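J.: Handing you this structure, nothing more for now.
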Amino acid sequence: MAVLKVKFTKTKRDKLAQILWILNWVSVVSGIILFSLGLFLKIEIKKRNEVMAKGDVNSVPNMLISVGVIACIINFLGGKICYDCSDANKFSRWKLVMVPYIVCTFCFTFCILLGALMCYTMRNELEESLYLGLRDAVKFYKDTDIPGRCFLKKTVDMLQIGFRCCGNNGFRDWFEIQWVSAHYLNMASKEVVDRLKSNVDGKFLVDGVPFSCCNPSSPRPCIQYQLTNNSAHYNYDFLTEELNIWMKGCREALLDYYTSIMRSIGIAALLIWLFELSVLIGVRYLQTAMKNVLLLGDLEGESDGWLLENSFVETAKYNINIIKNLGKANQISTVSGMTDPNIDIQNTNCGKANVTTKSMPAA
């Protein structure tokens, strides 16, 4: 029994073909949108590539870019097919192509759904990449004279100013590393020498942060050094007073930024998937309706269209049997006692008992 069978007249078939022709061109635009969204996300990730560790963070934009390009190609071909399907004679040229086209389009729509779901599952990979990348960027902040790292100070400062953040997890990350270059330390100062000697690794650690952590909206002048020393500042208590530096870590700020982008892209991809799926259903109805018209031989008459010719269970069993029997067509069983039911061998009796012979007349 056919699934979701619908009866089509010639007028309905022609209107369906025209509507699908228009929708396929709209789908080409949706493919361009997917391509643009993937390219935008790839560029945004590329902008902060210096503070990200190498990983699979580019898998989502690459998927969207690929799906967008394929969407333009498939829907362009689909528009041509639907335009020709309004004429039964032209449909004959596409008759053998329709089923493979529908199968490929179904796989393509599944890729769109997969790309949309990846936008919501990418957060963990992105968080790990940001954590490792920012950790190294903060660590090498002071290396302004080392090739390959000299740009990190500017990158981190611009990042902290632009995203209103400080450090990797928070401003205390700067307390655990030496972020002041040795070129700018006065080795003749007893305080500097004592601080270097007091650290096991010989690092110059201070309870201070770079200037880019300062909040310009604060009415008080920025306190970026001796943040935990109440006696170093007038009328100051770092435990009770709200510090005039950014409190949020850059990892959290960047993660929120990219999560909001991917959530928006995921919603757009889901809507495009639903639209592509509806177009695919329409193409399936058109294909079955036109095929039945050719079988009936009445090009002006009514015909049935459906999604599946048999029920879901029967269709599933049929396809499973096809998969199971792949490669078995040319195999012959050699098991003793088993015969092939497709071969009918007739035995002939070669005995002479039933053969009549003519006797020779006596001379």
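The backbone N, Cα and C atoms fix where each Cβ goes, and this holds for glycine too.
According to TrEMBL:
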type: TRANSMEM; residues: 20-40; note: transmembrane segment
type: TRANSMEM; residues: 60-78; note: transmembrane segment
type: TRANSMEM; residues: 98-120; note: transmembrane segment
type: TRANSMEM; residues: 265-286; note: transmembrane segment
J.: Same chain only, please: residues at least 6 beyond the ends of the transmembrane segment (265-286) with a C-beta under 8 Å from a C-beta of the stretch. Say none if there are none.
T.: 6, 8, 13, 16-17, 19-20, 23-24, 26-27, 30, 33-34, 37, 41, 64, 71, 75, 78, 81-82, 85, 98, 101-102, 105-106, 108-109, 112-113, 115-117, 119-120, 305-307
J.: Cβ under 8 Å to the transmembrane segment (60-78), counting only same-chain residues 6 or more beyond its ends: which ones?
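T.: Distant Cβ neighbours of the transmembrane segment (60-78) are 20, 24-25, 27-28, 30-39, 41-42, 45, 101, 104-105, 108, 111-112, 114-115, 118-119, 122, 262, 265, 269, 276, 279, 283.
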